[in-house]
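Some features that TrEMBL has for this protein:
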BINDING   HIS62, CYS100, HIS103, MET108  Cu cation binding site
DOMAIN    28-114  domain 'Blue (type 1) copper'
SIGNAL    1-22  signal peptide
Amino acid sequence: MKYALAALLIAPPLITPGPAAAETFEVRMLNRGEAGPMVYEPDFLRIAPGDSVKFIAATTGHNAASIEGMAPEGAEPFKGQINQEIEIAPAVPGLYGVKCSPHYAMGMVMLIAVGDADPAGLVVPETVPARAKQRFGEILARSSK
Ligand SMILES: [Cu+2]
């Protein structure tokens, strides 16, 4: 429901030609959130190509980094410093896994779907820690329509 509304908000007005203005989505890096300890909030985002995601250091000790094997072909890897606020603009449509480097094994991950990418098509590589795999499973269960 929430994502359908977001899609409406970012759709270009029918009377105005040209591309929609790019949106910036904020993700908070937290020691504890609704889903438990060491989380991104939200842990799932659907964005349009050209939109940005800004990771906010709401509590200390976290970062945001791309996960090897969990990004579309041609996507640029990224890695923020601990406690650093970083902004990414994933341009290639597809699914992007994001991890907190120090809390990866504790399952601090999130998923970004760019464009029409279907979360159900997510491939979680073998190298992803068990707790992180479990979190991706929880994210998929919530994000499926
Ligand atoms: Cu963390």
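From the backbone N, Cα and C atoms, a Cβ is placed for every residue, glycine too.
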CB-centroid shell, 8 A cutoff, Cu cation site HIS62, CYS100, HIS103, MET108, site residues removed: MET29, MET38, VAL39, TYR40, GLY61, ASN63, LYS99, SER101, PRO102, TYR104, MET106
Among CYS100, MET108, the one of these binding-site residues whose Cβ has the fewest neighbouring Cβ atoms within 10 Å: CYS100
CB contacts for HIS103 (Cu cation binding site) [other CB atoms within 10 A, all chains]: 20
